[in-house]
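Q: From TrEMBL, here are the annotated features:
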- I14, G15, G16, G17, N18, M19, A75, V76, K77, P78: NADP(+) binding site (BINDING)
- 11-105: domain 'Pyrroline-5-carboxylate reductase catalytic N-terminal' (DOMAIN)
- 169-273: domain 'Pyrroline-5-carboxylate reductase dimerisation' (DOMAIN)
Amino acid sequence: MMSNVGAQQAIVFIGGGNMARSLIGGLIAAGTPASAIRVAEPVAELRDTLARDFGVSVFGDAIAAVPDTGIWVFAVKPQVMRTVCESLAGHARAIRPLAVSIAAGITAEQLERWLGGGVGVVRCMPNTPALLGAGVTGLFANAQVDADGRAAAESLLSSAGKTVWIEDEAKMDAVTAVSGSGPAYVFLLAEAMEAAARTQGLPDDAARALVLQTVLGAARMLTESDEPPAELRRRVTSPGGTTQAAVETFEAGGFRELVAQAIANATERGRQLSAAND
Ligand SMILES: NC(=O)C1=CN([C@@H]2O[C@H](COP(=O)(O)OP(=O)(O)OC[C@H]3O[C@@H](n4cnc5c(N)ncnc54)[C@H](OP(=O)(O)O)[C@@H]3O)[C@@H](O)[C@H]2O)C=CC1
Ligand SMILES: O=C(O)[C@@H]1CCC=N1
C-alpha cells in the first residue's frame, strides 16, 4: 500500500525541538506557507516561540495535530520514538501518511512496525545548518514509498539544503556520524582554535573574529573551488613555514586516526540507539 501524499498537504512536525526548528526555518525561508506547517510539541515555551517566530500552528500533543495531514515528520529523540509512533498507529492506518523520521539510529523497519505496518517511511539525517538552508540530508526510503512520496520527502528536505539518497539503509548510521553530527566537529575545532588563540595572548574579541572568519573562508574555498582539500591545504603550507609546524603536530598526534575513530564510534552509537530503543 502506497502512502497517501498529495502535493498540497500540510506537514506536521512531531517534536518541535532544535532540529525541527532548523527544518521549519528552512521551509519558511524557502517559501512554504506557515499555514501548511503544524507542530506538536509538549513544551509550552517551545510552542510559543515557534508560533511567534514562524507563524506555524502549534499543538500540545501529536494526536490533535495529525488528522488530515499527509506528511508526518518525526523529530523526537530516538528514546521516545517507539512510544510516540505507537500512540499514532491507529491514525497512521487510517490516514496512510508519509512518515519522515530524522531520528538517529531508528530504522525504517522499526518505524513502520511501530506505526502498525503498511506505512511509507523515509528515514532522513539532516543537520543543523538547515536553519540557513545550508544543510545536507541523507535520505533512505522503504519499499512502501512511491515516486510521489520520494519527491515529497526530497522537496521537504531540499529547503534545508542539499539532499543525497542512500540506497543501502545500513549506511545511514555512517551518514549520521559524518554529516548529522559533523557540524559539532567543526564547532569543536573552532572552540579549540579560539582557546589556543587566547593562550597566545590575543584578546577575546580578536580571537573570536579571526577564528570565525577563518572557518567561513576555508568552508567557502572548499565548496567554491574545484580543488580537493589536500591541495588547498598544500597551498597554505609553505615549506619550513608556520603551517607545516602546525600540520606536523596534528599528524604526529594522530589527528586522522582520531577523526576516523570518532566517526566509527558515532556510527556504532547509531546502531546501539536502534537496538536499545526497540
Ligand atoms: N540536533 C541535531 O543536530 C540533529 C538531530 N537529529 C535528530 O532529531 C531528533 C530530535 O533532536 P533534537 O531536535 O536535537 O532534540 P530536542 O530534544 O531538541 O527536540 C525533541 C522535542 O520533542 C519533544 N517531544 C517529546 N515527546 C514528544 C511527543 N510525544 N510529541 C511531540 N513532541 C515530543 C521534546 O520535548 P521534551 O524535551 O519535553 O522531551 C523536545 O522538545 C533526534 O531524534 C535526533 O537524533 C537529526 C539530525 C541532527
Ligand atoms: O547527536 C545526535 O545523536 C544527533 C544526531 C545527529 C546530530 N545530533
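Note that Cβ sites are derived from N, Cα and C of the backbone, with glycine treated the same way.
TrEMBL annotations: computationally assigned, not manually curated.
Would you situate these features in the structure and describe their surroundings?
A: In this view, I14 (NADP(+) binding site) is surrounded by 28 other Cβ atoms within 10 Å of its Cβ, with every protein chain counted.
This prediction places the mean pLDDT of the domain 'Pyrroline-5-carboxylate reductase dimerisation' (169-273) at 98.
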Q: Count the other Cβ atoms sitting within 10 Å of the Cβ of G16 (NADP(+) binding site), across every protein chain shown.
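A: So the number of other Cβ atoms within 10 Å of G16 (NADP(+) binding site) is 25.
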Q: Does anything in the same chain, at least 6 positions from A75 (NADP(+) binding site), have a Cβ under 8 Å from its Cβ, and if so what?
A: F13, I14, G15, G16, G17, M19, A20, L23, I102, A103
Q: Return the maximum Cα to Cα distance in Å (whole number) over the record's NADP(+)-binding residues: I14, G15, G16, G17, N18, M19, A75, V76, K77, P78.
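A: Largest pairwise Cα separation, rounded: 14 Å.
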Q: Restricting to the chain of N18 (NADP(+) binding site) and a gap of 6 or more, list residues whose Cβ falls under 8 Å of its Cβ, or answer none.
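A: Counting only residues 6 or more apart in sequence, the Cβ neighbours of N18 (NADP(+) binding site) under 8 Å are T128.
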